[in-house]
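Listed in TrEMBL for this protein:
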BINDING   ASN13, LEU15, GLY39, GLU59, ASP87, ASN108  S-adenosyl-L-methionine binding site
DOMAIN    20-193  domain 'Ribosomal RNA adenine methylase transferase N-terminal'
Amino acid sequence: MENIKAKKKYGQNFLKDTTVLDKIIQSMPNNNNYLVEIGPGLGDLTKNLVKYKEMTAYEVDTDLISILESKFAIEIEENRLKLIHTDVLEAWDKQETLHNGKYDLIANLPYYIATNIILRAFEDDNCESIIVMIQKEVALKFSAKPKDKEFSSLGVIADLVSIESRILFDVPPESFDPRPKVMSSILYIRKDMNKSIDRDFNKFLKACFVQPRKKLSKNLSSIISKDLVSKYYEELDLSDNIRPHEVSSSLYSQLYTKVKDGRN
Ligand SMILES: C[S@@+](CC[C@H](N)C(=O)[O-])C[C@H]1O[C@@H](n2cnc3c(N)ncnc32)[C@H](O)[C@@H]1O
């Protein structure tokens, strides 16, 4: 590895296993979309991606930016790679999209903000596919289906915005330098470009799953009155004993519409 110390605060675990790098490249969707990478790090994944497509990479770490600028001087000069020095979440706050045109997001994400990044990518209307390395435990949540024990607010949202969401393969700690403490997985999500999610829906879901093993009705009564809970349960034909992970995504969507309309 270059003479650089990985920074914990930026979630830096550099992917060094070339077999895994090849497998990520093989997982790239076969389409004409532009590519966006978040956190190119030392550029090992970037080097492989830029061979196939024009792309933009967002990196927050100043030290890495100067390494990347000299490593990819030719690609930057030829406009095949655009390197943007910023916190990607701030970029999303400013411009709502990471690219003005349909794109796929490919990244080995910093674990400390991986969930936020995926949720932001769901809201970004130009982002079609998401192929990201994240902590396995979080990948299981995003790919879980109703009745799975991992089914949570993240599974509901992923289910509602996507045509497909699944784990492609696992990656062990030995594939990185430095090694993370946890197992990682590559998560693949193909969004349904006709669907979009109301930002407050996520807050509503968090309340529904606040005590995941308790009855959903109990969690709901912290945001609406018990009378309204009973009314909506009757209208949607929900059993009083139902637990949050047993409710389908479409029922959550209907329940949210009722709660929202009830407030207006
Ligand atoms: C897990 S490392 C992956 C590095 C490289 N892509 C690889 O696979 O070896 C995460 C990368 O995200 C960068 N990063 C962390 N927080 C970021 C943020 N808020 N915005 C943009 N990049 C960020 C880190 O500096 C680091 O380069």
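In case you wondered, yes, glycine gets a Cβ from its N, Cα and C as well.
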Sparsest-packed of the listed binding-site residues (GLU59, ASP87) - C-beta count within 10 angstroms: ASP87
Least surrounded among the binding-site residues, given as ASN13, ASN108, when other CB atoms within 10 Å are counted: ASN13
Other C-beta atoms that fall within 10 angstroms of the C-beta of GLY39 (S-adenosyl-L-methionine binding site): 22
Site diameter for S-adenosyl-L-methionine, Å, by largest Cα distance between ASN13, LEU15, GLY39, GLU59, ASP87, ASN108: 20
Neighbouring C-beta atoms (10 Å sphere around the C-beta of LEU15 (S-adenosyl-L-methionine binding site)): 19
